[in-house]
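Worksheet: the structure to be examined is printed underneath.
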């Protein structure tokens with residue numbers, strides 16, 4: 001078989017179309033860093049143009065190229081629009097030394113002086129309404145192009161909107177984007193309906209629409225339009241308008257702003273998997289008009305259309321562009337008429353924050369499958385428990401936790417069957433220790449929430465994954481402690497583990513212990529036979545959590561049931577420590 005000759009660069013390395021050497025660029029400084037990688041400002045030695053270099057982190061070299069980066073590269077190479085960030089080429093940094101280490105890869109894009117979030121945090125920047133209209137029209141034109149080509153962005157937020165000193169806005173960060181199987185939106189028809197399921201583990205929490213928070217799987221382009229509404233409001237207020245501290249709090253903030261869902265304003269909401277936690281909120285009419293009372297009626301009208309609870313009727317990009325807001329005075333500025341500002345990137349924002357003062361914390365939820373590396377942050381349990389426990393129970397529990405350390409909040413993505421086994425054992429040990437500690441000090445019913453469907457959705461989107469832990473998120477929190485030392489402790493646990501190519505680690509979505517079973521236990525007449533009958537009626541998504549000192553009897557029961565042993569010898573190592 002004949003092998004085509006390869007063009008070689010000045011250093012004798014093979015040059016491929018669309019791929020160059022990192023030596024062709026002069027580094028000018030770092031713009032930002034995070035779990036996604038590192039971003040640098042650089043100058044091309046070939047033509048003198050200023051570019052941004054986004055280094056792709058290879059957290060486990062044996063596993064190959066990160067799938068989120070592959071997805072982003074593939075989509076950006078397909079797209080071509082003034083308001084979509086262009087991927088100019090890929091750059092390779094070959095390893096030094098013996099060459100056994102894999103080369104580093106960089107995405108090369110045009111340099112944009114700002115992102116919208118950075119501009120809004122700059123105390124020297126104040127947007128005029130013509131400027132807001134100009135940016136909004138460009139954002140909507142970019143989304144119209146994406147949705148018209150059946151692409152969902154799935155992480156619409158101010159930080160992902162880049163702005164040049166020429167006033168041009170471009171949509172960036174396509175790590176969560178994916179092709180969309182439904183027809184493109186049509187005028188007057190909102191986002192339409194979806195016919196297939198998608199993962200709900202998308203969109204940064206502060207910009208996440210209510211249907212995703214309620215676990216709608218068949219979502220549409222309307223999820224991006226909700227993010228546009230959040231960005232629109234943010235440009236008026238100068239800060240995020242829905243900065244929730246948790247998914248539940250995020251839902252509360254949304255309903256406080258736009259009103260409580262009903263079957264009239266959000267048909268079908270009460271049948272969504274996540275509705276149970278919000279049914280007790282109580283009716284609220286919404287405060288959007290009051291919050292934005294300083295804006296003109298047309299702006300409020302567009303904001304209401306973008307933040308509509310009913311995703312089927314939420315305005316699409318086509319209709320938003322034609323909204324009367326943009327044809328009423330003051331008219332939109334042209335990009336070239338906008339003022340220029342000092343650069344506003346991640347490192348610049350740190351300085352701005354010192355000038356402006358404290359701003360809301362970074363979204364704790366984030367976009368789960370956007371995480372590209374292991375990140376472990378200490379999360380003190382005692383702080384999380386403050387104000388949530390009955391006084392007597394809190395005193396006992398705090399005393400015990402002070403002796404054992406802290407829990408961890410972890411975002412992790414990794415692969416490998418050996419690591420899986422070790423990880424599962426350590427997580428199980430940590431949870432058992434925690435649960436047993438609680439039981440030992442008064443808790444008597446433990447609920448563990450585990451969403452298998454979301455994990456399956458991630459797997460199915462990218463095909464068979466074999467022995468991979470593709471994207472996992474472990475969050476341990478303690479809430480809803482009841483009075484008199486008898487507690488229902490809810491420990492939300494979301495973790496996707498592919499034990500092998502055929503078996504997904506089973507979990508628990510909700511406890512099926514009814515009040516009758518609780519009453520039987522209270523009366524002292526609850527038997528193992530009664531619990532066994534309950535387990536027989538469980539589905540894969542409804543698994544019972546049992547608490548008992550009789551370990552052998554529990555082991556004889558359903559193997560997918562989580563066994564929680566009330567044994568003091570397990571109350572030793574609450575601190576979960578792992579080295580990657």
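Cβ coordinates are placed from backbone N, Cα and C, and glycine is handled just like the others.
Copied from Swiss-Prot, the annotated features are:
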type     : residues                               : note
ACT_SITE : 155                                    : active site, proton acceptor
BINDING  : 31, 32, 33, 34, 35, 36, 37, 38, 39, 54 : ATP binding site
DOMAIN   : 25-326                                 : domain 'Protein kinase'
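On a Cα basis, residue 155 (active site, proton acceptor) lies 20 Å away from residue 31 (ATP binding site). The number of other Cβ atoms within 10 Å of the Cβ belonging to residue 155 (active site, proton acceptor), over all protein chains shown, comes to 26. Here the C-alpha separation of the residue listed as 'active site, proton acceptor' and residue 39 (ATP binding site) works out to 19 Å. The local packing around residue 31 (ATP binding site), expressed as other Cβ atoms within 10 Å of its Cβ over all shown chains, amounts to 21.
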